[in-house]
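Novice: Copying in the features that TrEMBL gives for the protein in this structure:
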| type | residues | note |
| --- | --- | --- |
| DOMAIN | 76-254 | domain 'BPL/LPL catalytic' |
| BINDING | 334, 335, 336, 337, 338, 339, 340, 341, 448 | ATP binding site |
| BINDING | 416, 423, 424, 425, 426, 498 | substrate binding site |
| ACT_SITE | 425 | active site, proton acceptor |
């Protein structure tokens, strides 16, 4: 969308009636230019406009604040404002700006209408379409070391939740800093810090779902409760609270806020379980929050505290494994075509990962010296040659149980005509994806080969496709054509050099196959049902970034490292 016409959308975002002549005068444009601008808007925006007797009005409000209102509000509360039409991430922008800035730099605030690489906790992406999310980041300096800012995210979550509740939106907080409406996510907070001499500057990113597409079932939005909510009012309320709370936190820490936080803490007094890497870490009743920001959990062995990091909280009791294998330590192996990956598991949780090329398996030998003393089982999945399987077995003191594909496991039915010829890595990728989604899934592995597999929502594995991987496609072009034996460039929508055209063609082949499989699976299970995308392998990030924007926004896409390992873990723990 052309930058000059963003102001038009921002003016209409309040959902009020606007005379088109007034709009044209305000923007110093002619009415035909406004009409032309509207034709360039995304489809989900175009359909909102109603025109009658020179009056333009949107059928619902959008999460866009006109620049002059944003600037006035920011300056009123002591921030230097910066509004960006489109950017990667407002947190990233402020981090880059402040990393080498003087320590006396005043507070900054950056708001974006559109983010192309928004980030959440634990490396998760934050996806949205134009006008659907309020997204901004602000900086604040604290006379505290980084280690004493553990409660900051909770204070920010409290400020946002209280602001929303004043406006009739009954938000609660899921520890540490997710904004929730019952079990649906309303928004989140991402805090990153920069140590600077005797102080720490925090970059506080806030994202709120203002409106969302109907097909996203795991989230909710402000407009679902308050259809006429104004994003400007929400933004002003959050800033007003933060400029009160942040200095108070700087001086007194989290303790003065705990009573108010606990009142809005969704899981206070409730049974929950905690996960790390998808493994059960602890289970108990939430008894409160420590002054450090840690969660206090009353477990069978007494009260324990947990800090944030990579911990995920889920309501209710944890699912118990059917076997007692989680009481033992074991080693999981993923023997791929080009490298070996492994994970050490104890009590059902992964302790550490490793990987090595086959020409040098010394890292596995060193890992065994550290972790292998009490290992009782070695379970593996192999698509490499028998020679390499023997090479792996020769350096390990215990025998390896190599698992192959199966007609059925964990309630997933394999429709492959001959499971014996089905790649074990594909099978365990499918089993592993159930740690991340219970919907229908397209499971993609980007390795030496690219595999694209389909799993229905009722656990029928339908089969899939195999493509040459990126390097194999490039090798084929190099060997079979006279003028294409050259390094790859970068993929572009319309490549204008031969190296870039090669890279674009290879990436388009993979992305096109993914979109086609997604379409087939959606038709198979029935229109309206979601189909998630789970991507693993070395090329996963490249593929996710190359998928069409509309496809990314309309579907849940999860990038998972070591998906085969998680499939093996599921099988060992629950089979």
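Sequential numbering from 1, following the chain as shown.
Including glycine, each Cβ sits where the backbone N, Cα and C put it.
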Novice: Whole-number Å distance between the CA of residue 340 (ATP binding site) and the CA of residue 416 (substrate binding site)?
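Specialist: Spelling it out, the Cα of residue 340 (ATP binding site) and the Cα of residue 416 (substrate binding site) are 26 Å apart.
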Novice: Could you tell me which three-state DSSP class residue 498 (substrate binding site) falls into?
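Specialist: Note: residue 498 (substrate binding site) is helical by DSSP.
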Novice: Fill in the CA-CA distance, residue 425 (substrate binding site) to residue 334 (ATP binding site), as an integer in Å.
Specialist: 8
Novice: In whole Å, how far does the CA atom of residue 334 (ATP binding site) lie from that of residue 426 (substrate binding site)?
Specialist: 11
Novice: Rounded to the nearest Å, what's the C-alpha distance separating residue 448 (ATP binding site) and residue 426 (substrate binding site)? Just drop the number here, would you?
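Specialist: Cα-Cα, rounded: 13 Å.
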Novice: Can you check what DSSP calls residue 416 (substrate binding site), collapsed to helix, strand or coil?
Specialist: coil
Novice: Over the domain 'BPL/LPL catalytic' (76-254), what does the predicted model average in pLDDT?
Specialist: 85
Novice: How many whole Å apart are the CA atoms of residue 426 (substrate binding site) and residue 336 (ATP binding site)?
Specialist: 11
